[in-house]
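Over in Swiss-Prot, the protein carries these features:
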type	residues	note
BINDING	17, 59, 60, 61, 62, 63, 64, 256, 321, 393	ATP binding site
């Protein structure tokens, strides 16, 4: 990760409006991963990541920051919901499965990168196998015949290779030997994922090396053989060693909905495993060793980012030890009408841009005017204030409602409007959403 914090924030700004403090915090944390790797080995072992707690209402960009960060980081990344886990001893997933899933994600990411690296060699090998199936070797009886045959075969082979690359042979059917995949689906109760993975690996290895002849069209066969050749060129043991190092040194875990496992004040109840989940998370965040399919993974240098709305609880309701392990606190602000206005226009592939592109597929043009966008932003803010504040997600509901009629009759409208776009202005927004926004009972159930 060689991007500077400023470059990371700039990239996040393309997709997320506002929340500068949160962007700066994650940008610094991400850059510190790179800085740490430049240190001498002795000092590097002592530098631990500063974990982050993001606090803010729902729909303001916490999860979106995590999603975009995953794409930027080019590092093993996993997003989990804290509510999915239970205390050890209860039915459900235990928190150690977070690291096992992160290890799987790292292996998958590195395998994809390695397959891209060997792709050209795999394509050449796959083409040769397809050509062998298309052009069986003729039998020869003398050396002179063999020389003439070789020259003729070489010319024919080059001609067929050219036709294969141009796609002229795609629909031709051939018989070819491919690996016989052994797929075993094992249904297991929650919490037994590790045993299930081991059993699946065992059955997969038992079937390794088995081959079977199949009749396929050239296009399908080429893809199957290319994947097979790429897998053969990838060194699995080396890949596992790299993945293990990537998890330990660069891994990032985003734990969403952390507030849902916080004990709410002095409220008692039957949900005994809430605090247990927090206590199980402690050693994971502090640093422990977890057994995974890659081997033993040390979690000392994995970066943890936790987030929660904290509507019904406060960060201080988390157990004190967990609070101490999330030293960087970032508060995300609730969205204003101006933020809603910017969200509708500024991000890369904004909501308005998406709807325009979707309707364009049917030949219908729609145009969002400035006053229409402003009115839409105001209604989103008003409905959030009057009912539940769900942040930017309110815009999805409003836009679906606003364009419902247009989406339903897009094909008919395209033929009547020709090239002239349907203009979405303030009057259009008021006529479709005004009454619903004013009537609190209706907006509570419909918007």
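Glycine is treated like the rest: Cβ placed from N, Cα and C.
Other C-beta atoms found within 10 angstroms of the C-beta of residue 62 (ATP binding site) number 26, with every protein chain shown included.
For residue 64 (ATP binding site), the count of additional Cβ atoms within 10 Å of its Cβ stands at 17 [all protein chains shown]. When Cβ neighbours within 10 Å are tallied across all protein chains shown, the highest count among the binding-site residues 17, 60 belongs to 60.
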